[in-house]
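One structure is given here, and the rest of the page talks about it.
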Amino acid sequence: MHLGDLTHPNELHGLKLSELEDVARQIRDRHLQVVSTSGGHLGPGLGVVELTLALYQTLDLDRDRVIWDVGHQAYPHKLITGRFNDFHTLRQQNGVAGYLKRSESNFDHFGAGHASTSISAALGMAMARDNRGEDFKCVAVIGDGALTGGMALEAINHAGHLPETPLLVVLNDNDMSISPPVGALSNVLNRARLSPPMQFLSGSVEESVRHLPFMGGELPAELNRLKGSMRRLAVPKVGAVFEELGFTYMGPIDGHDIGEMMRTFQAAHRDGGPVLVHVVTKKGKGYPYAEADQVGYHAQSAFDLTTGKAIPSKKPKPASYSKVFGQTLVKLCEQNSRVVGITAAMATGTGLDLLQKAVPNQYVDVGIAEQHAVTLAAGMACEGLRPVVAIYSTFLQRAYDQLIHDVGIQNLPVTFVLDRAGIVGADGPTHQGQYDISYMRSIPNFTVMAPKDEAELQRMLVTCLNHDGPTALRIPRGSGVGMPLMEEGWEALPIGRGELLREGDDLLIVAYGSMVHPALDTATLLEEAGLSTTVINARFLRPLDQALIHPLARRIRRVVTMEEGALAGGFGAAVLESLSDQDISIPLLRIGIPDKMVDHATPQQSKESLEMIPVQMAERIRRRFDLGGRDFAGAASVPAIQS
């Protein structure tokens with residue numbers, strides 16, 4: 001069977017084991033071909049190919065529900081549920097999404113992008129099924145990294161108290177989330193994985209026996225019986241944890257043995273309550289480079305399949321904001337032993353991997369546990385440390401109560417670095433950092449800021465650590481603008497003071513963070529059309545520099561705000577409210593992300609669709625204030641703006 005001809009996943013039912021192994025090969029080939037060309041998540045999907053096929057052999061996918069945690073391990077699922085021929089559009093505008101979307105396929109039963117949600121969703125579906133007297137299977141597939149998240153453990157605790165509610169949880173145990181998972185539960189799983197019985201089951205012994213000249217490639221029945229006995233020796237160490245929580249535990253089993261998994265899943269379906277099947281897989285299975293470097297090949301930009309090396313960009317790029325942050329924090333930690341960097345399982349993504357290598361005793365990884373990370377930092381601050389918590393903007397949403405209750409109310413000197421703030425591109429709506437301006441500006445005691453470039457980032461980090469109260473610093477995804485960087489000796493900025501970058505009489509632009517340089521480009525376009533423009537780098541959201549903004553607004557009488565975040569409750573709203581509070585009633589245009597979810601595309605494509613690139617913003621300004629003159633949109637290569 002060729003997967004391009006598959007019209008429904010149930011058509012895989014009844015295939016021989018050898019035929020399923022051929023399907024697995026096709027899945028891996030297509031997966032590697034597409035991700036090596038366009039980028040995407042590589043290791044997670046390669047590790048669950050056989051798991052996916054074995055599980056789906058035991059389900060009726062017209063009726064049964066499968067919830068994939070996070071979604072980055074679901075590429076094989078997509079390839080056998082109608083998206084094989086369109087898979088080359090992965091993570092591209094209007095193409096196949098990198099995560100699960102209910103709107104994309106009837107087989108995507110629950111959308112995802114953040115970790116640890118699958119068991120809660122599957123349990124909710126199972127309870128709804130029982131409430132309606134229906135009969136279908138509910139399955140959650142979750143990785144060992146996501147299982148460290150508190151939400152997953154809360155769901156397990158709940159499900160364990162419902163002994164007559166059938167629910168299957170498949171634990172995909174590859175000892176990796178993005179970085180290696182941390183915590184006591186991960187240690188329990190790791191001890192089971194590394195125990196002599198499981199090492200025996202790892203496949204090396206089996207391969208050795210299979211290649212004995214007198215075996216003819218076959219395995220004796222005695223070896224299979226011995227494998228079963230050895231597995232039972234490993235069960236008490238890990239299975240007891242889940243059994244005590246009310247689950248029937250099955251495993252650990254080889255996550256690349258389709259036949260064994262099919263038999264186990266069928267047995268699990270016959271159980272009348274919650275069951276956890278523990279499957280041990282290898283992240284990156286089938287691609288040697290990904291197997292050898294499971295962190296580096298978790299997600300990849302385009303790369304050469306033969307060498308495994310990333311395809312270099314056509315021209316060198318400045319260092320990323322994340323890297324500049326990481327390098328600067330290393331220096332600050334070396335200078336001050338009270339400074340501690342904290343990550344929630346995203347060391348490489350946030351730049352804290354540099355701190356882990358350079359000053360490991362001032363580095364903490366809490367796993368996928370954002371709420372814990374925030375309150376842990378609060379406790380450290382109470383005892384005189386200066387914690388710096390680096391978390392993606394989209395993931396800090398999960399700890400909003402802790403920001404208020406544990407840090408804000410107590411006015412503790414904790415610094416938050418919100419990475420991937422703004423438009424992130426191909427990861428789509430679950431990962432856009434569009435809400436942090438809105439959710440941070442309402443918390444009393446916080447000082448909130450955003451740099452216009454990587455050099456200002458360095459000064460802002462020092463500003464945060466010098467301030468005796470909670471601070472938040474947002475940085476965008478990707479490279480800086482190429483500003484020269486200092487190795488040390490950074491000066492703190494005055495709190496609440498903006499920066500006047502250029503002066504003019506016709507228009508005032510107040511820009512925040514990553515929108516400052518686009519604002520300057522927009523001002524240049526307007527200047528060429530005869531419109532003299534003042535540009536302010538706001539620097540601070542809380543407190544806003546009213547002493548700089550208000551007099552200029554009164555004089556110029558036309559104001560534009562620019563932000564790479566949601567307009568609802570955002571930076572523009574803060575400026576508008578500030579002017580209104582002082583009875584400054586003037587025309588104001590807010591440019592940012594409107595009230596909508598931003599789908600997957602390149603950052604440039606997303607910004608074009610939101611009318612946030614300079615030529616579009618110049619045209620919006622011209623029309624909003626009826627300034628006449630040049631039609632910027634008509635002269636641009638981008639679609640004209642509809643008035």
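Cβ coordinates come from backbone N, Cα and C, glycine included.
Take the thiamine diphosphate site that Swiss-Prot assigns to Gly113, His114, Ala115, Gly145, Ala146, Asn174, Tyr287, Glu370: the candidate from His72, His77, His467 listed for it is His72. Each residue contributes its Cα atom, and for His72 (thiamine diphosphate binding site) and Asp144 (Mg(2+) binding site) these two points are 14 Å apart. The thiamine diphosphate site in the record is lined by His72, Gly113, His114, Ala115, Gly145, Ala146, Asn174, Tyr287, Glu370, and its two most distant CA atoms lie 32 Å apart. Residue environment of Glu370 (thiamine diphosphate binding site) contains 25 other Cβ atoms, counted within 10 Å of its Cβ in all protein chains.
His114 (thiamine diphosphate binding site) sits 14 Å from Asp144 (Mg(2+) binding site), taking the Cα positions as reference.
Under the three-state DSSP scheme, Asn174 (thiamine diphosphate binding site) falls in the coil class. The Cβ of Asn174 (thiamine diphosphate binding site) lies under 8 Å from the Cβ of Gly47, Gly143, Asp144, Gly255, Val280, Thr281, Lys282, Lys283, Gln294, each on the same chain and at least six residues away in sequence. Looking only at other Cβ atoms within 10 Å, the busiest spot among the binding-site residues His72, His114, Asp144, Gly145 turns out to be Gly145. DSSP assigns Glu370 (thiamine diphosphate binding site) to a helix.
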